[in-house]
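Straight from Swiss-Prot, the features:
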BINDING   CYS63, CYS66, CYS69, CYS112  [4Fe-4S] cluster 1 binding site
BINDING   CYS73, CYS102, CYS105, CYS108  [4Fe-4S] cluster 2 binding site
DOMAIN    53-83  domain '4Fe-4S ferredoxin-type 1'
DOMAIN    93-122  domain '4Fe-4S ferredoxin-type 2'
Amino acid sequence: MSFLDRTARAFLLTELVQGLALTLRYMFKPKVTINYPYEKGPLSVRFRGEHALRRYPNGEERCIACKLCEAICPAQAITIEPEPRDDGSRRARRYDLDMTKCIYCGLCQEACPVDAIVEGPNFEYATETRAELMYNKSKLLANGDRWEAELAFRIAADAPYR
């Protein structure tokens, strides 16, 4: 760039004019901002939010205490204590999930052979204390009961990719 070009750019402020033109161009385009608490954007069927434990249609919990989710969790956020039953099967006596450790990777959901643990569509679960983010089995089952219709739809929509 020659001396004359640099001088012309400095005095004519061409970069400034280009920036102002860009600003004016976007000023009159429609806004893309979502007013969050009042408007919510669409979520993918693969969105990974708050965890839930699902039940079978007859009301029995799905978790067979195989501990695959506990083994695969990279953050070690899941703790399961199995309890044997009279018929030889087993269920989880204790199923604890530390949401402060969870990294929402979805590996627990992928590892579960019976689709017991799933990550649902809820992303609004702020709490006032840290202790409220330690989910036990009853809290996870309550989440599953509350979101069952949505969870079943998401699992069915994602089935071709599993």
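Every residue gets a Cβ built from N, Cα and C, even glycine.
This view paints the features noted in Swiss-Prot onto the structure.
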| residue | record | DSSP class |
| --- | --- | --- |
| CYS63 | [4Fe-4S] cluster 1 binding site | coil |
| CYS69 | [4Fe-4S] cluster 1 binding site | helix |
| CYS102 | [4Fe-4S] cluster 2 binding site | coil |
| CYS108 | [4Fe-4S] cluster 2 binding site | helix |
Key: Sequence-distant neighbours of CYS112 ([4Fe-4S] cluster 1 binding site) in its chain (C-beta under 8 A, six or more apart)   = LEU68, CYS69, VAL118
Inquiry  = Is it possible to get the count of other C-beta atoms within 10 angstroms of the C-beta of CYS105 ([4Fe-4S] cluster 2 binding site)?
reply    = 14
Task = Specify the nearest of the binding-site residues CYS73, CYS102, CYS105, CYS108 to CYS63 ([4Fe-4S] cluster 1 binding site), where nearness means the distance between Cα atoms.
result = CYS108
Task = In whole Å, note down how far the CA of CYS66 ([4Fe-4S] cluster 1 binding site) lies from the CA of CYS73 ([4Fe-4S] cluster 2 binding site).
result = 13
Request  = Determine which residues of the same chain, besides CYS63, CYS66, CYS69, CYS112, have their CB within 8 A of the center of the CB atoms at the recorded [4Fe-4S] cluster 1 site, and list them by sequence.
outcome  = ILE64, ALA65, LYS67, LEU68, GLU70, ILE80, CYS108, ALA111, PRO113, VAL114, ALA116, ILE117
Note = Most Cβ neighbours within 10 Å, among the binding-site residues CYS63, CYS66, goes to CYS63
Task = For the domain '4Fe-4S ferredoxin-type 2' (93-122), would you mind checking the mean pLDDT of the predicted model?
result = 96
Query = What's the CA to CA span in angstrom from CYS105 ([4Fe-4S] cluster 2 binding site) over to CYS66 ([4Fe-4S] cluster 1 binding site)?
reply = 19
Other CB atoms, at most 10 A from the CB of CYS108 ([4Fe-4S] cluster 2 binding site) = 25
Key: Cα separation, CYS66 ([4Fe-4S] cluster 1 binding site) to CYS108 ([4Fe-4S] cluster 2 binding site) (Å, whole number)   = 12
Ask   = From the Cα of CYS66 ([4Fe-4S] cluster 1 binding site) across to the Cα of CYS102 ([4Fe-4S] cluster 2 binding site), what is the distance in angstrom?
value = 20
Key: Shell list ([4Fe-4S] cluster 2; ref centroid = CB of CYS73, CYS102, CYS105, CYS108; cutoff 8 A)   = CYS69, ILE72, PRO74, ALA75, ALA77, ILE78, ILE103, TYR104, GLY106, LEU107
